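One structure is given here, and the rest of the page talks about it.
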Amino acid sequence: MMRPWVYTKPPDGDWGWMIVLSLFLESALVFGLIRSFGVFFVEFTKYFEQPASSVSWITSIGVALQQFASPIASALCNKYGARPVVMIGGVLASSGMIVASLAATNLLHLYLSIGLLSGLGWALVFTPTVASVTRYFVKRRTLATGIGFTGIGVSSFAFSPLFQLLVEMYGWRGALLILGGLSLNLVVCGALLRPLVLLDDQVRSSTQSHSQKLYCHSWMSWQRLSELLDLSLLCHKSFLTYVAAITFINTGYFVPYVHLVAHGRLTGLSEYEAAFVMSATAVTDLFGRVASGWFSDLHKFRLVHILAFLNGLTGISLLLIPLGTSFISLLALGLIYGFFSGALTPVVFSLLPEIVGLGRIFSALGLFQMIESIGGLLGAPLSGWLRDITGSFTASFMVAGGLHLAGSFMLSFLPQFCSFGNPNSQRPELRELSNGSRPLNDSSQLDFPTQEHSTVEVEQSST
(Lines of atoms letter the chains of each structure in order from A and count residues from 1; the text may use other names and numbers.)
(Lines give C-alpha, C1' and ligand atoms only; values in the text may rest on other atoms or scores of the structure.)
Protein backbone atom coordinates (compact mmCIF):
# COMPACT_ATOMS: atom_id res chain seq x y z
CA MET A 1 0.00 0.00 0.00
CA MET A 2 1.36 3.38 -0.99
CA ARG A 3 1.25 6.39 1.27
CA PRO A 4 -1.49 9.04 0.75
CA TRP A 5 -0.98 11.95 -1.58
CA VAL A 6 0.23 15.14 0.08
CA TYR A 7 -1.25 18.38 -1.23
CA THR A 8 0.98 21.39 -1.67
CA LYS A 9 -1.98 23.70 -0.99
CA PRO A 10 -5.65 23.40 0.02
CA PRO A 11 -7.94 22.47 -2.90
CA ASP A 12 -10.31 25.46 -2.45
CA GLY A 13 -13.42 23.46 -3.28
CA ASP A 14 -14.55 19.99 -4.42
CA TRP A 15 -15.19 17.85 -1.31
CA GLY A 16 -14.46 20.96 0.75
CA TRP A 17 -18.02 22.11 0.06
CA MET A 18 -19.32 18.96 1.75
CA ILE A 19 -17.23 19.94 4.77
CA VAL A 20 -18.92 23.35 4.59
CA LEU A 21 -22.31 21.58 4.55
CA SER A 22 -21.27 19.63 7.64
CA LEU A 23 -20.27 22.88 9.37
CA PHE A 24 -23.61 24.45 8.36
CA LEU A 25 -25.60 21.64 9.99
CA GLU A 26 -23.37 21.45 13.06
CA SER A 27 -23.53 25.21 13.58
CA ALA A 28 -27.31 24.96 13.52
CA LEU A 29 -27.44 22.08 15.99
CA VAL A 30 -24.88 23.55 18.39
CA PHE A 31 -24.86 27.35 18.40
CA GLY A 32 -28.30 27.75 16.88
CA LEU A 33 -29.58 25.70 19.80
CA ILE A 34 -27.55 27.71 22.33
CA ARG A 35 -28.74 31.01 20.93
CA SER A 36 -32.37 29.96 21.13
CA PHE A 37 -32.06 28.59 24.65
CA GLY A 38 -33.42 31.85 26.04
CA VAL A 39 -36.91 30.32 25.67
CA PHE A 40 -35.94 27.70 28.26
CA PHE A 41 -34.34 30.41 30.44
CA VAL A 42 -37.77 31.81 31.30
CA GLU A 43 -39.21 28.33 31.95
CA PHE A 44 -36.32 27.25 34.19
CA THR A 45 -36.56 30.45 36.23
CA LYS A 46 -40.24 29.80 36.93
CA TYR A 47 -40.01 26.03 37.47
CA PHE A 48 -37.00 25.95 39.79
CA GLU A 49 -37.75 29.35 41.39
CA GLN A 50 -34.13 30.42 41.05
CA PRO A 51 -32.63 33.85 40.20
CA ALA A 52 -31.53 34.75 36.69
CA SER A 53 -27.84 34.54 37.61
CA SER A 54 -28.19 30.89 38.72
CA VAL A 55 -30.15 29.78 35.65
CA SER A 56 -27.65 31.56 33.37
CA TRP A 57 -24.96 29.10 34.45
CA ILE A 58 -26.61 26.31 32.43
CA THR A 59 -25.68 27.75 29.04
CA SER A 60 -22.53 29.39 30.37
CA ILE A 61 -21.12 26.05 31.53
CA GLY A 62 -22.04 24.48 28.19
CA VAL A 63 -20.46 27.27 26.14
CA ALA A 64 -17.39 27.41 28.38
CA LEU A 65 -16.84 23.64 28.25
CA GLN A 66 -17.38 23.63 24.48
CA GLN A 67 -14.44 25.99 24.31
CA PHE A 68 -12.38 24.82 27.29
CA ALA A 69 -12.40 21.18 26.15
CA SER A 70 -11.40 22.09 22.59
CA PRO A 71 -7.73 21.10 23.15
CA ILE A 72 -8.99 17.60 23.97
CA ALA A 73 -10.77 17.54 20.63
CA SER A 74 -7.62 18.83 18.92
CA ALA A 75 -5.41 16.19 20.52
CA LEU A 76 -7.87 13.43 19.59
CA CYS A 77 -7.99 14.73 16.01
CA ASN A 78 -4.19 14.75 15.80
CA LYS A 79 -4.26 11.12 16.95
CA TYR A 80 -7.37 9.61 15.33
CA GLY A 81 -8.63 12.15 12.78
CA ALA A 82 -11.63 14.47 12.83
CA ARG A 83 -14.34 12.06 11.65
CA PRO A 84 -14.60 9.65 14.65
CA VAL A 85 -14.11 12.51 17.12
CA VAL A 86 -17.07 14.47 15.74
CA MET A 87 -19.30 11.39 15.65
CA ILE A 88 -18.61 10.63 19.31
CA GLY A 89 -19.27 14.29 20.12
CA GLY A 90 -22.70 14.04 18.51
CA VAL A 91 -23.62 11.12 20.76
CA LEU A 92 -22.54 13.03 23.88
CA ALA A 93 -24.39 16.23 22.88
CA SER A 94 -27.60 14.26 22.35
CA SER A 95 -27.19 12.29 25.59
CA GLY A 96 -26.95 15.46 27.69
CA MET A 97 -30.31 16.76 26.42
CA ILE A 98 -32.02 13.39 26.87
CA VAL A 99 -30.70 12.92 30.42
CA ALA A 100 -31.82 16.48 31.33
CA SER A 101 -35.33 15.84 30.04
CA LEU A 102 -35.75 12.55 31.90
CA ALA A 103 -33.91 13.03 35.18
CA ALA A 104 -33.39 16.72 36.06
CA THR A 105 -35.03 17.76 39.35
CA ASN A 106 -32.86 20.77 40.18
CA LEU A 107 -30.43 23.17 38.52
CA LEU A 108 -27.42 21.04 39.46
CA HIS A 109 -28.73 18.26 37.27
CA LEU A 110 -29.03 20.69 34.36
CA TYR A 111 -25.49 21.95 35.02
CA LEU A 112 -24.20 18.37 34.77
CA SER A 113 -26.31 17.15 31.84
CA ILE A 114 -26.66 20.14 29.50
CA GLY A 115 -23.66 22.08 30.81
CA LEU A 116 -21.05 19.33 31.14
CA LEU A 117 -22.19 16.37 29.02
CA SER A 118 -23.64 18.29 26.06
CA GLY A 119 -20.91 20.92 26.39
CA LEU A 120 -18.23 18.24 26.00
CA GLY A 121 -20.04 16.87 22.97
CA TRP A 122 -20.20 20.34 21.41
CA ALA A 123 -16.43 20.68 21.92
CA LEU A 124 -15.74 17.43 20.06
CA VAL A 125 -18.05 18.51 17.23
CA PHE A 126 -17.27 22.16 16.60
CA THR A 127 -13.47 22.55 16.74
CA PRO A 128 -12.54 19.68 14.35
CA THR A 129 -15.11 20.78 11.75
CA VAL A 130 -14.07 24.44 11.71
CA ALA A 131 -10.42 23.39 11.43
CA SER A 132 -11.31 21.05 8.55
CA VAL A 133 -12.97 23.88 6.62
CA THR A 134 -9.95 26.17 7.04
CA ARG A 135 -7.69 23.37 5.75
CA TYR A 136 -9.74 22.84 2.59
CA PHE A 137 -9.79 26.52 1.53
CA VAL A 138 -7.36 29.42 1.03
CA LYS A 139 -8.67 32.01 -1.44
CA ARG A 140 -12.29 31.45 -0.43
CA ARG A 141 -11.66 30.56 3.21
CA THR A 142 -13.62 33.39 4.82
CA LEU A 143 -16.55 32.92 2.44
CA ALA A 144 -16.60 29.15 3.05
CA THR A 145 -16.44 29.68 6.81
CA GLY A 146 -19.17 32.33 6.60
CA ILE A 147 -21.46 30.04 4.61
CA GLY A 148 -20.89 27.24 7.10
CA PHE A 149 -21.74 29.53 9.99
CA THR A 150 -24.98 30.67 8.37
CA GLY A 151 -26.45 27.54 9.90
CA ILE A 152 -26.49 29.48 13.16
CA GLY A 153 -28.62 32.25 11.67
CA VAL A 154 -31.02 29.93 9.85
CA SER A 155 -31.57 27.74 12.90
CA SER A 156 -31.87 30.69 15.29
CA PHE A 157 -34.64 32.11 13.12
CA ALA A 158 -36.47 28.80 13.16
CA PHE A 159 -35.59 27.51 16.63
CA SER A 160 -36.81 30.37 18.85
CA PRO A 161 -40.51 30.12 17.85
CA LEU A 162 -40.18 26.35 17.44
CA PHE A 163 -38.82 25.91 20.97
CA GLN A 164 -41.57 28.18 22.31
CA LEU A 165 -44.16 26.01 20.55
CA LEU A 166 -42.57 22.77 21.82
CA VAL A 167 -42.50 24.07 25.39
CA GLU A 168 -46.18 25.02 25.22
CA MET A 169 -47.17 21.66 23.69
CA TYR A 170 -44.93 19.24 25.62
CA GLY A 171 -43.46 21.23 28.49
CA TRP A 172 -39.74 21.91 28.86
CA ARG A 173 -38.96 18.23 29.50
CA GLY A 174 -40.61 17.05 26.31
CA ALA A 175 -38.96 19.87 24.36
CA LEU A 176 -35.51 18.87 25.63
CA LEU A 177 -36.17 15.24 24.65
CA ILE A 178 -36.94 16.35 21.10
CA LEU A 179 -33.74 18.44 21.05
CA GLY A 180 -31.82 15.32 22.07
CA GLY A 181 -33.18 13.53 19.01
CA LEU A 182 -32.27 16.44 16.74
CA SER A 183 -28.74 16.49 18.14
CA LEU A 184 -28.15 12.91 16.97
CA ASN A 185 -27.86 14.32 13.46
CA LEU A 186 -24.42 15.56 14.51
CA VAL A 187 -23.22 11.96 14.09
CA VAL A 188 -24.16 12.09 10.40
CA CYS A 189 -22.34 15.42 10.05
CA GLY A 190 -19.17 13.83 11.41
CA ALA A 191 -19.33 11.10 8.79
CA LEU A 192 -18.95 13.76 6.06
CA LEU A 193 -15.47 14.79 7.21
CA ARG A 194 -12.94 13.38 4.75
CA PRO A 195 -9.27 13.63 5.84
CA LEU A 196 -6.92 15.96 3.95
CA VAL A 197 -3.11 15.69 4.12
CA LEU A 198 -1.20 18.93 3.43
CA LEU A 199 2.48 19.61 2.84
CA ASP A 200 2.70 21.63 6.04
CA ASP A 201 1.55 18.58 8.02
CA GLN A 202 4.46 16.52 6.76
CA VAL A 203 7.06 19.20 7.47
CA ARG A 204 5.72 19.58 11.00
CA SER A 205 5.53 15.79 11.46
CA SER A 206 9.17 15.47 10.41
CA THR A 207 10.16 18.11 12.97
CA GLN A 208 8.24 16.34 15.73
CA SER A 209 9.84 12.98 14.89
CA HIS A 210 13.29 14.53 15.15
CA SER A 211 12.31 16.07 18.48
CA GLN A 212 11.15 12.70 19.80
CA LYS A 213 14.53 11.15 19.03
CA LEU A 214 16.32 13.90 20.93
CA TYR A 215 14.17 13.48 24.04
CA CYS A 216 13.52 9.76 23.96
CA HIS A 217 15.20 9.16 27.32
CA SER A 218 13.62 11.98 29.34
CA TRP A 219 10.27 13.64 29.81
CA MET A 220 8.69 11.51 27.09
CA SER A 221 5.20 11.73 28.58
CA TRP A 222 5.32 15.51 28.80
CA GLN A 223 6.91 15.73 25.36
CA ARG A 224 4.14 13.63 23.84
CA LEU A 225 1.42 15.68 25.53
CA SER A 226 3.08 18.91 24.45
CA GLU A 227 3.19 17.72 20.85
CA LEU A 228 -0.43 16.57 20.81
CA LEU A 229 -1.63 19.90 22.18
CA ASP A 230 1.15 21.96 20.52
CA LEU A 231 1.78 23.86 23.76
CA SER A 232 4.57 25.81 22.09
CA LEU A 233 1.77 28.08 20.87
CA LEU A 234 1.59 29.46 24.39
CA CYS A 235 4.91 31.17 23.66
CA HIS A 236 3.59 32.63 20.40
CA LYS A 237 3.17 36.36 21.11
CA SER A 238 0.81 37.13 18.23
CA PHE A 239 -1.35 34.11 19.06
CA LEU A 240 -1.66 35.11 22.72
CA THR A 241 -2.49 38.71 21.83
CA TYR A 242 -5.20 37.55 19.47
CA VAL A 243 -6.66 35.13 22.00
CA ALA A 244 -6.75 37.84 24.68
CA ALA A 245 -8.70 40.16 22.35
CA ILE A 246 -11.21 37.48 21.39
CA THR A 247 -11.68 36.55 25.07
CA PHE A 248 -12.89 40.08 25.79
CA ILE A 249 -15.21 39.87 22.79
CA ASN A 250 -16.50 36.46 23.82
CA THR A 251 -17.43 37.70 27.30
CA GLY A 252 -20.04 40.01 25.82
CA TYR A 253 -20.92 38.08 22.67
CA PHE A 254 -23.46 35.61 24.09
CA VAL A 255 -25.25 38.05 26.41
CA PRO A 256 -28.01 38.98 23.89
CA TYR A 257 -28.62 35.35 22.99
CA VAL A 258 -29.26 34.48 26.63
CA HIS A 259 -31.04 37.63 27.82
CA LEU A 260 -32.51 39.48 24.82
CA VAL A 261 -35.81 37.55 25.09
CA ALA A 262 -35.99 38.22 28.83
CA HIS A 263 -35.17 41.90 28.22
CA GLY A 264 -38.00 42.09 25.69
CA ARG A 265 -40.41 40.59 28.20
CA LEU A 266 -39.38 43.20 30.81
CA THR A 267 -40.12 46.02 28.35
CA GLY A 268 -43.67 44.73 27.90
CA LEU A 269 -43.37 42.52 24.81
CA SER A 270 -45.41 39.33 24.63
CA GLU A 271 -43.73 35.92 24.56
CA TYR A 272 -44.01 35.63 20.80
CA GLU A 273 -42.97 39.23 20.15
CA ALA A 274 -39.80 38.70 22.20
CA ALA A 275 -39.12 35.40 20.42
CA PHE A 276 -39.71 37.08 17.05
CA VAL A 277 -37.10 39.76 17.85
CA MET A 278 -34.61 36.97 18.53
CA SER A 279 -35.55 35.20 15.30
CA ALA A 280 -35.32 38.39 13.22
CA THR A 281 -31.88 39.06 14.69
CA ALA A 282 -30.86 35.63 13.42
CA VAL A 283 -31.87 36.55 9.86
CA THR A 284 -29.55 39.56 9.67
CA ASP A 285 -26.90 37.46 11.40
CA LEU A 286 -27.12 35.08 8.45
CA PHE A 287 -26.70 37.84 5.86
CA GLY A 288 -23.85 39.35 7.88
CA ARG A 289 -21.85 36.11 7.79
CA VAL A 290 -22.16 35.70 4.03
CA ALA A 291 -21.54 39.41 3.33
CA SER A 292 -18.38 39.56 5.44
CA GLY A 293 -17.10 36.33 3.89
CA TRP A 294 -17.62 37.66 0.37
CA PHE A 295 -16.12 41.07 1.17
CA SER A 296 -13.11 39.69 3.05
CA ASP A 297 -12.22 37.36 0.19
CA LEU A 298 -11.97 40.32 -2.17
CA HIS A 299 -8.67 41.02 -0.36
CA LYS A 300 -9.20 44.79 -0.43
CA PHE A 301 -8.44 45.12 3.28
CA ARG A 302 -6.52 43.04 5.78
CA LEU A 303 -8.61 40.62 7.84
CA VAL A 304 -7.46 42.10 11.14
CA HIS A 305 -8.72 45.55 10.12
CA ILE A 306 -12.06 44.11 8.98
CA LEU A 307 -12.42 42.26 12.28
CA ALA A 308 -11.64 45.34 14.39
CA PHE A 309 -14.15 47.42 12.42
CA LEU A 310 -16.99 44.86 12.55
CA ASN A 311 -16.43 44.14 16.22
CA GLY A 312 -16.44 47.85 17.06
CA LEU A 313 -19.82 48.26 15.38
CA THR A 314 -21.09 45.20 17.26
CA GLY A 315 -20.08 46.82 20.55
CA ILE A 316 -21.83 50.08 19.65
CA SER A 317 -25.04 48.24 18.71
CA LEU A 318 -25.00 46.48 22.09
CA LEU A 319 -24.70 49.82 23.87
CA LEU A 320 -27.85 50.98 22.04
CA ILE A 321 -30.06 47.95 22.78
CA PRO A 322 -31.35 49.36 26.14
CA LEU A 323 -32.87 52.22 24.11
CA GLY A 324 -35.28 49.74 22.52
CA THR A 325 -38.34 50.13 24.72
CA SER A 326 -40.95 49.18 22.12
CA PHE A 327 -41.35 46.26 19.76
CA ILE A 328 -40.35 48.28 16.68
CA SER A 329 -37.31 49.96 18.26
CA LEU A 330 -36.01 46.76 19.85
CA LEU A 331 -36.54 44.90 16.57
CA ALA A 332 -34.56 47.54 14.64
CA LEU A 333 -31.68 47.47 17.12
CA GLY A 334 -31.74 43.67 17.15
CA LEU A 335 -31.46 43.59 13.34
CA ILE A 336 -28.43 45.90 13.43
CA TYR A 337 -26.74 43.90 16.17
CA GLY A 338 -27.46 40.61 14.41
CA PHE A 339 -25.81 41.74 11.16
CA PHE A 340 -22.54 42.92 12.71
CA SER A 341 -22.24 40.13 15.29
CA GLY A 342 -22.76 37.57 12.54
CA ALA A 343 -20.32 39.33 10.21
CA LEU A 344 -17.40 39.21 12.64
CA THR A 345 -17.57 35.45 13.35
CA PRO A 346 -16.14 34.00 10.09
CA VAL A 347 -13.38 36.62 10.13
CA VAL A 348 -12.34 35.51 13.64
CA PHE A 349 -11.72 31.95 12.49
CA SER A 350 -10.25 32.86 9.09
CA LEU A 351 -7.64 35.13 10.66
CA LEU A 352 -6.27 32.41 12.95
CA PRO A 353 -4.53 30.37 10.17
CA GLU A 354 -2.77 33.55 9.04
CA ILE A 355 -1.32 33.91 12.53
CA VAL A 356 -0.22 30.30 13.22
CA GLY A 357 -0.19 28.54 9.81
CA LEU A 358 -2.34 25.69 8.47
CA GLY A 359 -0.15 22.92 9.90
CA ARG A 360 -1.01 23.98 13.44
CA ILE A 361 -4.65 24.91 12.96
CA PHE A 362 -6.17 21.93 14.86
CA SER A 363 -4.03 22.59 17.94
CA ALA A 364 -4.25 26.38 17.66
CA LEU A 365 -8.03 26.34 17.39
CA GLY A 366 -8.25 24.04 20.41
CA LEU A 367 -6.08 26.25 22.63
CA PHE A 368 -7.77 29.35 21.22
CA GLN A 369 -11.20 28.11 22.23
CA MET A 370 -10.00 26.89 25.62
CA ILE A 371 -8.61 30.28 26.63
CA GLU A 372 -11.54 32.28 25.29
CA SER A 373 -13.87 30.00 27.26
CA ILE A 374 -13.15 32.22 30.25
CA GLY A 375 -15.27 34.87 28.55
CA GLY A 376 -18.01 32.42 27.63
CA LEU A 377 -18.15 31.19 31.23
CA LEU A 378 -18.39 34.62 32.86
CA GLY A 379 -20.45 36.60 30.34
CA ALA A 380 -24.01 35.39 30.94
CA PRO A 381 -23.73 35.03 34.76
CA LEU A 382 -22.23 38.52 34.96
CA SER A 383 -25.14 39.80 32.89
CA GLY A 384 -27.64 37.96 35.08
CA TRP A 385 -25.99 39.28 38.24
CA LEU A 386 -26.21 42.85 36.96
CA ARG A 387 -29.88 42.30 36.17
CA ASP A 388 -30.51 40.96 39.70
CA ILE A 389 -28.97 43.99 41.42
CA THR A 390 -30.31 46.66 39.04
CA GLY A 391 -33.71 45.22 38.13
CA SER A 392 -33.14 45.55 34.38
CA PHE A 393 -30.75 44.43 31.65
CA THR A 394 -29.50 47.94 30.82
CA ALA A 395 -26.22 47.56 32.69
CA SER A 396 -25.80 44.06 31.23
CA PHE A 397 -25.88 45.28 27.63
CA MET A 398 -23.74 48.32 28.41
CA VAL A 399 -21.00 46.14 29.91
CA ALA A 400 -21.24 43.66 27.01
CA GLY A 401 -20.80 46.49 24.50
CA GLY A 402 -17.84 47.87 26.40
CA LEU A 403 -16.14 44.46 26.35
CA HIS A 404 -16.49 44.31 22.56
CA LEU A 405 -14.90 47.75 22.19
CA ALA A 406 -12.06 46.68 24.50
CA GLY A 407 -11.49 43.67 22.26
CA SER A 408 -11.16 45.88 19.17
CA PHE A 409 -8.61 48.00 21.02
CA MET A 410 -6.55 44.92 21.93
CA LEU A 411 -6.45 43.84 18.28
CA SER A 412 -4.39 46.96 17.59
CA PHE A 413 -1.50 45.36 19.50
CA LEU A 414 -1.09 42.62 16.89
CA PRO A 415 2.17 42.98 14.90
CA GLN A 416 1.85 45.19 11.82
CA PHE A 417 -1.72 46.17 12.72
CA CYS A 418 -0.95 49.71 11.60
CA SER A 419 0.42 48.44 8.28
CA PHE A 420 -1.90 49.09 5.33
CA GLY A 421 0.11 47.23 2.70
CA ASN A 422 -1.15 44.75 0.11
CA PRO A 423 -3.59 42.36 1.87
CA ASN A 424 -2.53 39.53 -0.44
CA SER A 425 0.86 39.53 1.24
CA GLN A 426 -0.92 38.13 4.29
CA ARG A 427 -2.31 35.11 2.49
CA PRO A 428 -1.24 31.84 4.11
CA GLU A 429 0.09 30.21 0.96
CA LEU A 430 2.58 33.06 0.53
CA ARG A 431 3.84 32.97 4.08
CA GLU A 432 6.40 30.81 5.80
CA LEU A 433 5.22 27.54 7.18
CA SER A 434 4.32 27.45 10.84
CA ASN A 435 7.63 25.88 11.89
CA GLY A 436 9.64 28.61 10.19
CA SER A 437 10.55 26.79 6.95
CA ARG A 438 9.62 27.93 3.46
CA PRO A 439 7.12 25.95 1.37
CA LEU A 440 8.89 23.26 -0.61
CA ASN A 441 8.54 23.45 -4.38
CA ASP A 442 10.55 20.34 -5.11
CA SER A 443 8.57 17.22 -4.24
CA SER A 444 11.80 15.23 -4.14
CA GLN A 445 12.53 16.84 -0.78
CA LEU A 446 9.62 14.90 0.71
CA ASP A 447 9.08 11.29 1.64
CA PHE A 448 5.54 11.55 0.28
CA PRO A 449 4.14 12.05 -3.23
CA THR A 450 2.53 15.45 -3.77
CA GLN A 451 -0.18 16.75 -6.04
CA GLU A 452 -2.23 19.90 -6.56
CA HIS A 453 -5.68 18.31 -6.85
CA SER A 454 -8.44 18.64 -4.35
CA THR A 455 -9.06 15.15 -3.02
CA VAL A 456 -6.86 12.81 -1.06
CA GLU A 457 -6.28 9.58 -2.94
CA VAL A 458 -4.70 6.42 -1.61
CA GLU A 459 -3.40 4.05 -4.24
CA GLN A 460 -3.09 0.38 -3.46
CA SER A 461 -0.79 -1.99 -5.23
CA SER A 462 -0.03 -5.63 -4.79
CA THR A 463 3.36 -6.47 -3.37
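Every residue gets a Cβ built from N, Cα and C, even glycine.
Per TrEMBL, the feature transmembrane segment maps to 15-34, 85-104, 110-131, 143-163, 175-197, 239-262, 303-321, 327-352, 364-386, 392-414. Marked as domain 'Major facilitator superfamily (MFS) profile' by TrEMBL: 16-419. The region 'Disordered' feature in TrEMBL is assigned to 428-463. Annotation comment: TrEMBL describes 434-463 as compositional bias 'Polar residues'.
Remark: the transmembrane segment (15-34) contacts the transmembrane segment (143-163), by the rule of 3 or more CB pairs under 8 A.
Counting same-chain residues at least six beyond the ends of the transmembrane segment (143-163), those with a Cβ under 8 angstroms from any Cβ of the stretch are 16-17, 19-29, 31-33, 35-40, 129-130, 133-134, 136-137, 175, 179, 257, 261, 272, 275-276, 278-294, 296-297, 338, 342, 345-346, 349-350.
Looking at 85-104, 239-262, 303-321, 392-414, the range that has the most CB pairs within less than 8 A of the transmembrane segment (364-386) turns out to be 239-262. Through the fold, the transmembrane segment (85-104) approaches residues 26, 29-30, 73, 76-77, 110, 113-114, 116-125, 128-129, 173-177, 179-181, 183-191, 193 of its own chain, all at least 6 residues removed from its boundaries and within a Cβ separation under 8 Å.
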